[in-house]
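Step one of this worksheet: look at the structure below.
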Amino acid sequence: NQVLEMFDHAYSNYMEHAYPADELMPLTCRGRVRGQEPSRGDVDDALGKFSLTLIDTLDTLVVLNKTKEFEEAVKKVIKDVNLDNDIVVSVFETNIRVLGGLLGGHSVAIMLKEKGEYMQWYNGELLHMAKELGYKLLPAFNTTSGLPYPRVNLKFGVRHPEARTGTETDTCTACAGTLILEFAALSRFTGTSIFEEYARKALDFIWEKRQRSSNLVGVTINIHTGDWVRKDSGVGAGIDSYYEYLLKAYVLLGDDSFLERFNTHYDAIMRYISQPPLLLDVHIHKPMLNARTWMDSLLAFFPGLQVLKGDIRPAIETHEMLYQVIKKHNFLPEAFTTDFRVHWAQHPLRPEFAESTYFLYKATGDPYYLEVGKTLIENLNKYARVPCGFAAMKDVRTGSHEDRMDSFFLAEMFKYLYLLFADKDDMIFDIEDYIFTTEAHLLPLWLSTTNQTISKKNTSTEYTELDDSNFDWTCPNTQILFPNDPMFAQSIREPLKNVVDKSCPRGIARAEESLGSGPKPPLRARDFMASNPEHLEILKKMGVSLIHLKDGRVQLVQHAVQAASSLDAEDGLRFMQEMIELSSQQQKEQQLPPRAVQIVSHPFFGRVVLTAGPAQFGMDLSKHKAGTRGFVATIKPYNGCSEITNPEAVKEKIALMQRGQCMFAEKARNIQKAGAIGGIVIDDNEGSSSDTAPLFQMAGDGKNTDDITIPMLFLFNKEGNIILDAIREYEAVEVLLSDKAKDRATIFKGKMIPNYIIDSNLEMENMDQKSSENDSHKPNSEEVPSESQDTGAVSEEPEGGGESSAVGDPDPLFPASADSASVSRAEQDPHAPGPAEAGAPEPACTPENSQPQEQNTQTESNSKAHWDSKVQPMESILADWNEDIEAFEMMEKDEL
C-alpha cells in the first residue's frame, strides 16, 4: 500500500505538472522539454519530445493493478505522441524506454483485452507505433559492421544532410548489445523479420570481437572497424545489459547460441572480475590486472542476473555489500571505491538494487529481503520525496537534490518494489508468463514460438573452447541450492555485515583485510601466498594440502572429506578451480622475450652473457636500447622483502637478491626506495638453470605497478652463482642489463681501455681495432650474427662446458653483411667451450615474412627447442606493449 501511495504521488505530479513533456522536474514542478532547459549533455539524448515518462510507465500501471489509469494513458499516447520529430536521440535509450514501453504496453493491453473487462476497443495501436519507431531506428544500422550508430534523428535518420548526426565512430557495448529483446519482440509481434535480423547481426559482431584469450569485451567499440576503443571490462556502465540480454534472449527466444555465449562470458566474469563481494573492472587483454579501484552503481543489477543464472551465493555476497553501502549513505552513490567511500556522489534514483532485491527474495524466500525493501521505501520517502514528486540526489553525503525525476524511476523502481511485497492475490495476471527487459518492460514468453523467421541454432559461429560443464540447460532446484537449511543465505551474508564500517582506510580491495577478526570470505587464488601461515591454515580448513616440489613450485591437492565443514569443502573446491584457471591464464599470457645480463668488468669484458627472465613490470629494456649498467651489490636482508638495511651499499647500484618470501614487485619497490638503479632476483632453488628450465617471467602483484621504474631481471640459480662467484673473486663486478647482448665494441665505445687489458687478452686488440674503424666496419667470422639474420638470437648451453648462456645480437650502429658467418663471440673465446659444445643462436622473435638463416650449430638444447615453440612476430609483441600503454593511459584518464 505504501508503494502504491508513493507511485500515485510521482505519477500524478508528472501528469499534472509535466505531461506531455518527457520528464518531470520535481523541484520546480514543471516539465523538462529538450531545448528549453540548459543542456545536460548525453543525458538529454533520452528525451525526444515523445512523452517519455508516460510511455515508460504504461505496463507499470497494470502491474500495480491500475487498469483504468492504464486505459486512459494508452488513449493519451495514441492521441498525443508524435514520433516524427526533428530531434537526435540515443538509439539505446529510445529502444529500451520508448520501443520497450510501447511493446510492454501492447503486451499487457492484449492480455487485458483477452480477459474481457478492459481494453475491448484496443486494436494494436501501440504495436503500430512501435513498428513506426522501429523503422525510424533502422537507419542507425547502416554500418559495415552491423553495429548501430549511437544516435539517430527521428525525422531524418543518420546520413541525411539535416540529420545532425552520423559522424560518431564509437559506441558502447551495451548500446549495441541491448537491442535483441525489443527488436525480436517487434519482429515476432508483427511478423516483420528485419528488426530481429539487425539486432542479431550486432550481437554476432560483438561476440566475434570478444578478446579471445579472456573471453571479455571492452566498454566501447569502433562501429566501423570493430576495434576496441576502451579496453577495460566490467559488469557496470557501458557493458551491463549486453550480458543481461544474452541470457534473457535465450529465455525469450529459446536460441541455444545465446546461452552458450552468456555462459562463456559468465565464466570469464567470475574468473577475473568477480572478487567477492566486489566486482572490479579489469583489462580485457591483461585480465589479472584491475583497471580501476572503484565500482559504479549500475553493477547493482548483476546479483539479479546471477539469480536468473542460478548462481545464488555470489549474488547474495555482492547484494549484501551494496546494501551495506546504502545503509552508510542512504542511497547507492553513482560510484564508490573499494573501501566504500564515495567516488561520484550523485544518485538519480536508480532501480537496479531494488531489482536484485526482488530477484533474491524470489529465489530464497528469505524475509531479510523484505526488510531491505522496507529500508529502500523509507529512504525514498525520507530523503528524496518533495512536494511535486521524488527528486534525484545531487550528493548522497549532504542530501542535496537535483531537479530531475528520470522516467526509469516510474518504469522500474515501483514495479520491483510492488512485486517484492505483493502476494499472488494482489496481481491481476501471472508475472511468471513474462520476462523483464532491462527497463523492466514485460514481454510475453509465448513469443518464443511465434513468427520464428530465424533458425534457432546459429551455425555460423563456432564455440571451440567451451566446456560443457559450464552450461546449465535447466533452472537449478532450490532444494539443492538451500539443502534443508533456511539459514543458508544468512550464513553467506553474515561475514559481510560490517564490511563497510570496518573497511580498511588504505583503500585495499581485499574484503578479508577489512573484516577484522570476524568470519572472512573465502580465500581467493589470486591472493594466496605459500609463505603466509594464515593462508596455509585456511587451506587446511578447506581440505587442501600443499606439497613443495623440488623445482621450487608447490602442488595443491584437495580432499573434501578432510575439510572442516561442507561449506569449507565448497570453498576449497572453488579455490582449486580458481587456482587451475589462474595457472592456465598465466601460461596463456603473452610471453616476453628473454633478457640479457652481461658482465662487463675485468676480466670478463662482455664475454659472459647470462640469459635472464623478464619482469612484467618496471623499465621495459626493449625500449631502452642502452640498457642499465652498474656495479652489483648484495642487499640486506637478502630476500628483499622488507626495508633495505644497507642502502648506502645499494645506492646507484644493481641490487642482487634471493627469490622467495614475498612478491617480486615488493622486492622491486624496496630496492628502488633504497636507491638501486636495477635489480636481479636469483632463484633460491639449488641447481636450477636456464639450460634445463623454460624461461621464467616475473609477474606483478595484481596491483598497479606503474610506480616501479627500475629494470628487474630473473636469473636461475646456476647463472646467478656465476655473478656471486665473480663478486667473491673480484669484488667490484659491473654488469649491463639489456634486452639483447651488446657487441663489446659498443660496450666500451668511447671509453679509454687500459693497456693491461689489451696485453692480458689478445682478443681485445681485435675489439680495439673495431672501435677505431666502426665507420668502415666489415664483419668477419668472429662477429655476432648480423641484424638481417637474427632480430634477437638466443643460445643456451645444452650441458657441460661454459659458464653462461650466450645471447648474441649486433648493435645497430654496426651494419653487417647478410652472408657473414653467424658464430657468437663466446665460441671464439679461448676460455669458452668449443663449437661442438655451444648451442647456436636461435631467434626468439622472427619477422613475419622472413625465415631465420641457417646457423652454425651442431647441437640443440631442450630449452632452445622450448622457445622454438613460442616464436612470436616482433609486430605482435610491439602491439601488445602499445596495448599496455593505452590501458594505463586510460586508467589515468578514468581516475582524473
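Cβ atoms here come from the backbone N, Cα and C positions, even for glycine.
Record features, source TrEMBL:
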type: ACT_SITE; residues: Glu93; note: active site, proton donor
type: ACT_SITE; residues: Asp240; note: active site
type: ACT_SITE; residues: Glu334; note: active site, proton donor
type: ACT_SITE; residues: Glu352; note: active site
type: BINDING; residues: Thr438; note: Ca(2+) binding site
type: COMPBIAS; residues: 767-781; note: compositional bias 'Basic and acidic residues'
type: COMPBIAS; residues: 834-843; note: compositional bias 'Low complexity'
type: COMPBIAS; residues: 847-862; note: compositional bias 'Polar residues'
type: DOMAIN; residues: 635-722; note: domain 'PA'
type: REGION; residues: 767-872; note: region 'Disordered'
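Feature map: annotations from TrEMBL on the structure.
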| residue | record | Cβ contacts under 8 Å, 6 or more apart |
| --- | --- | --- |
| Glu93 | active site, proton donor | Asp45, Ala46 |
| Asp240 | active site | Ala174, Leu298, Leu299, Phe301, Phe302, Thr438 |
| Glu334 | active site, proton donor | Asp296, Ser297, His343, Trp344, Ala345, Gln346, His347, Pro348 |
| Glu352 | active site | Ser297, Leu298, Leu299, Ala300, Phe301, Gly304 |
Residues in the domain 'PA' (635-722) grouped by DSSP into helix, strand and remaining coil: 20 helix, 15 strand, 53 coil
The residue listed as 'Ca(2+) binding site': tally of other CB atoms within 10 A of its CB: 25
Local confidence of the prediction over the domain 'PA' (635-722), expressed as mean pLDDT: 89
